[in-house]
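Here is the structure we will look at, set down as structure tokens.
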Amino acid sequence: MVLPTVAIVGRPNVGKSTLFNRIAGERISIVEDVEGVTRDRIYATGEWLNRQFSLIDTGGIDDVDAPFMEQIKHQAQIAMEEADVIVFVVSGKEGVTDADEYVSKILYRTNTPVILAVNKVDNPEMRNDIYDFYSLGLGDPYPVSSVHGIGTGDVLDAIVENLPVEEAEENDDIIRFSLIGRPNVGKSSLINAILGEDRVIASPVAGTTRDAIDTHFTDADGQEFTMIDTAGMRKSGKIYENTEKYSVMRAMRAIDRSDVVLMVINAEEGIREYDKRIAGFAHEAGKGMIIVVNKWDAIDKDNHTVAKWEADIRDQFQFLTYAPIIFVSALTKQRLNKLPDLIKRISESQNKRIPSAVLNDVIMDAIAINPTPTDKGKRLKIFYATQVSVKPPTFVVFVNEEELMHFSYLRFLENQIRAAFTFEGTPIHLIARKRK
């Protein structure tokens, strides 16, 4: 399901990040907070009144070297392109400023709903001062103290009220995948080469994101695919399009919509920090993964080159031991014909269900190989396990005490399940739960 997007904009020092953190921590529950994947907390997924939405702090995308007005102009432009709802944050302590008026004139031209949040209204006496903000022409101002959590519920109510109608569930028989990677790794060439394969019938269809065009195609076996286009990564003429943080945000949105993510690496440049950050987000989101090394035709090779690359990738992406690696060339089409079948296999792994009886046989065999650990004389007891969901496959292991299930033993059980049932290209989640 594609989540609607809420963007927070405003000049520096009005409390955008504080409001972001207040909303994100207010349960509104954080469903997937990607702090640690991006250096700045610019993106989270939350819920209010049973509606989920993606939350973006556009302040985290600023180019600090750009002129002040250019920075806030870029914020507003990003918000208008990306968001279904915009939260425009101003400061009740400082009143209406020239910068506020500048942003309001930009936002006034958009058809996107704008919610005016007057922050730093930290005591009741200040509420009378918010009426000055009617002059911005953006409707009723909402008094907020993000530091104290006052008024955030009203802002959230307004956000939910203005979110678009929920879309129908997408066809689960269609496999959705995206190609993610830094600029110049050859994503566009790969897309064109994949769609140029003789066994692929392609047609562009309107995407569900604001400006993306997804491509729907069917392979020779009749399997339908949707290739999710990270359009913003390739658009030209926009200064902020080239910033890494903006690219990260675009990649995150594509990952959210994907069943399988193809992490594209440039063989000429090797692995960069950006690659690991984006791959980490896809892993945490439970997506199927393929590591695609492109431009394989462009480097010198010997009998050891593949082995060296595989060893380096496994070392750099230690959390992606399950992800297959494929070396391709968009230029010569080397191994591109293998990608659709590989994507299909990983999608099957994502949707695989294991009968409880068979699963518990594997668990019991694992315990026989490596007995459960003890802590302070008390031994972990595993009663039974069951699979509770797919995409990714998720298992609950019922135990006597959750605290006795050490991370290393949970990882051991995961490895035993993988050895028994393969699960190619997909993370699997194991959760220890006390039996009631």
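Yeah, the Cβs are placed from backbone N, Cα and C, and that goes for glycine too.
Among the features that Swiss-Prot reports, domain 'EngA-type G 1' is placed at 4-167. Annotated GTP 1 binding site per Swiss-Prot: 10-17, 57-61, 119-122, in sequence order. Feature annotation from Swiss-Prot assigns domain 'EngA-type G 2' to 175-351. Per Swiss-Prot, GTP 2 binding site is recorded for 181-188, 229-233, 294-297. Per Swiss-Prot, the feature domain 'KH-like' maps to 352-436.
The CA atom of Lys16 (GTP 1 binding site) is located 29 Å away from the CA atom of Gly181 (GTP 2 binding site). Per DSSP, the domain 'KH-like' (352-436) is made up of 32 helix, 24 strand, 29 coil. Separation of the C-alpha atoms of Thr58 (GTP 1 binding site) and Lys187 (GTP 2 binding site): 25 Å, rounded to the nearest whole number. In space, Gly10 is the closest of the binding-site residues Gly10, Asn13, Val121 to Asn184 (GTP 2 binding site), judged by Cα positions. The Cβ of Trp296 (GTP 2 binding site) has 22 other Cβ atoms within 10 Å, all protein chains considered. A straight line from the CA of Asn13 (GTP 1 binding site) to the CA of Trp296 (GTP 2 binding site) spans 47 Å.
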